[in-house]
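These features come from Swiss-Prot:
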BINDING   Lys22, Asn23  phosphoenolpyruvate binding site
BINDING   Arg98, Arg127, Pro128, Val129, Asp130, Gln131, Asp311, Ile333  UDP-N-acetyl-alpha-D-glucosamine binding site
MOD_RES   Cys122  2-(S-cysteinyl)pyruvic acid O-phosphothioketal
ACT_SITE  Cys122  active site, proton donor
Amino acid sequence: MAKIVVTGGAALHGEVSISGAKNAVLPILCATLLADEPVEITNVPHLHDVVTTVKLLGELGAKVTIDQGTLSRGSAIVVDPRPVNQHVAPYELVKTMRASILVLGPLLARFGAAEVSLPGGCAIGSRPVDQHIKGLQALGAEIVVENGFIKASAKRLKGGHFTFDMVSVTGTENVLMGAVLAEGTTVLDNCAMEPEVTDLAHCLIALGAKIEGLGTARLVIEGVERLSGGRHEVLPDRIETGTFLVAAAMTGGKVTVNRARPNTMDAVLSKLVEAGAKIETTDDSITLDMQGRRPKAVNLTTAPYPAFPTDMQAQFMALNCVADGVGVINETIFENRFMHVNELLRLGADIQVEGHTAIVRGSEHLSGAPVMATDLRASASLILAGLMASGDTTIDRIYHLDRGYENIEEKLSSLGATIRRVP
């Protein structure tokens with residue numbers, strides 16, 4: 001099983017380009033099932049979860065064409081949903097990736113039936129699917145959960161009013177996709193406002209959907225008879241953007257991230273400024289300059305967008321490990337999302353966990369050690385800590401990393417990091 005070895009000590013300098021957003025491309029690929037003509041998706045990152053989604057679309061009968069036949073950086077994927085002849089998403093694929101549940105709404109809306117295995121994929125909490133089920137039931141779907149499958153049917157979904165009990169990104173996306181082909185008008189309240197949800201809505205609109213309220217907690221969808229083909233470019237990944245900016249801040253370097261979307265980064269950028277970074281932005285780039293200084297510890301609480309993202313919590317914990325002062329991190333989104341703490345402790349970090357709160361006392365010195373990635377963002381935090389540790393840090397189970405970061409070792413190497421992948 002492959003590992004990544006990081007040798008610490010180098011400040012990062014240079015420029016790096018950001019890939020398409022993992023959390024946008026997965027629902028957008030699933031949304032192609034709603035169309036009755038081919039759909040082209042561009043700026044697709046080469047990630048394991050994208051490969052899994054492409055396999056799932058193929059299992060359902062869709063014809064998927066990837067430029068040059070393989071997924072390379074910034075690929076284009078054309079999905080032709082016309083040959084779809086299955087409505088069952090099998091356990092073998094769904095168990096490896098929770099986002100597989102995002103075919104539920106499209107299959108139900110387009111073909112009147114869907115069977116999706118209950119999801120697996122992440123070890124960071126229960127992430128209940130009840131909001132998906134309740135939302136689609138509010139649109140007239142008949143749904144039962146049996147034998148490990150969500151089984152849904154409806155002749156045609158009908159517009160309705162549904163308020164999410166809790167903010168759910170994938171729940172919002174699934175019900176939104178179901179509503180675009182429903183008969184009549186649907187009003188969804190307490191929707192997730194994440195940029196990736198808005199990007200999905202922009203894609204649906206490009207295919208002919210009628211959606212109002214983008215970027216707000218209320219979405220109003222006027223159902224249409226059909227969605228046509230079209231083209232959509234996936235927005236840049238704000239979590240990858242934040243990860244590289246934190247790496248620059250931790251190492252006292254200066255890095256410019258290009259092909260970024262600064263207007264989706266307010267919460268993260270404000271915390272980096274609080275940590276002592278000098279930041280300049282353009283419409284599509286962010287430059288962070290630490291001017292050789294050690295970062296200051298920051299306090300943060302994760303919450304739904306536009307507040308601080310849970311997907312950046314582990315990276316900022318790594319920053320606090322080497323910062324000047326004490327930082328308090330409150331995790332309010334997922335339980336069990338401090339699994340990286342024990343691995344950071346192996347590098348010499350000083351962290352105390354009390355329930356959903358971690359108290360991090362900054363240290364001027366970390367030392368390299370073998371560590372194990374436990375989930376996607378935890379694996380990134382271990383790489384960041386490794387950049388600051390003396391000697392080598394060897395990170396095992398990096399298949400987590402490949403689910404959400406495209407060529408991270410190449411990109412970090414281009415900025416001056418000593419990092420390599422080994423068998």
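Yeah, the Cβs are placed from backbone N, Cα and C, and that goes for glycine too.
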Report summary line: For Gln131 (UDP-N-acetyl-alpha-D-glucosamine binding site), the nonlocal same-chain Cβ neighbours (under 8 Å, six or more residues apart) come out as Phe164, Asp165, Met166, Ser168, Gly171, Val175
Requested in this report: Express the distance between the Cα positions of Arg98 (UDP-N-acetyl-alpha-D-glucosamine binding site) and Asn23 (phosphoenolpyruvate binding site) as a whole number of Å.
Outcome: 11
**Report entry** Secondary structure at Asp311 (UDP-N-acetyl-alpha-D-glucosamine binding site), reduced by DSSP to three states
**Finding:** helix
Query raised in the report: In angstrom units, rounded to an integer, how far apart are the Cα atoms of Ile333 (UDP-N-acetyl-alpha-D-glucosamine binding site) and Lys22 (phosphoenolpyruvate binding site)?
Result: 19
Report task. Note down the number of other Cβ atoms within 10 Å of the Cβ of Arg98 (UDP-N-acetyl-alpha-D-glucosamine binding site), including every protein chain shown. Result -> 18
Report summary line: Ordered by sequence, the long-range same-chain Cβ contacts of Asn23 (phosphoenolpyruvate binding site) under 8 Å (at least 6 apart) are Val169, Glu194, Glu196, Asp237, Ile239, Asp311
Report task. Count, for each of the binding-site residues Asp130, Asp311, the other C-beta atoms lying within 10 angstroms of its own C-beta, and report the residue with the smallest count. Result -> Asp130
Query raised in the report: Sorted by position, what residues of the same chain at least six away from Val129 (UDP-N-acetyl-alpha-D-glucosamine binding site) have a C-beta under 8 A from it?
Result: Ile101, Leu118, Pro119, Ile150, Gly171
Query raised in the report: If you count the C-beta atoms lying within 10 Å of each candidate's C-beta, which of the binding-site residues Lys22, Pro128, Ile333 ends up with the smallest number?
Result: Pro128
Query - Rounded distance in angstrom between the Cα atoms of Pro128 (UDP-N-acetyl-alpha-D-glucosamine binding site) and Lys22 (phosphoenolpyruvate binding site) - result: 21
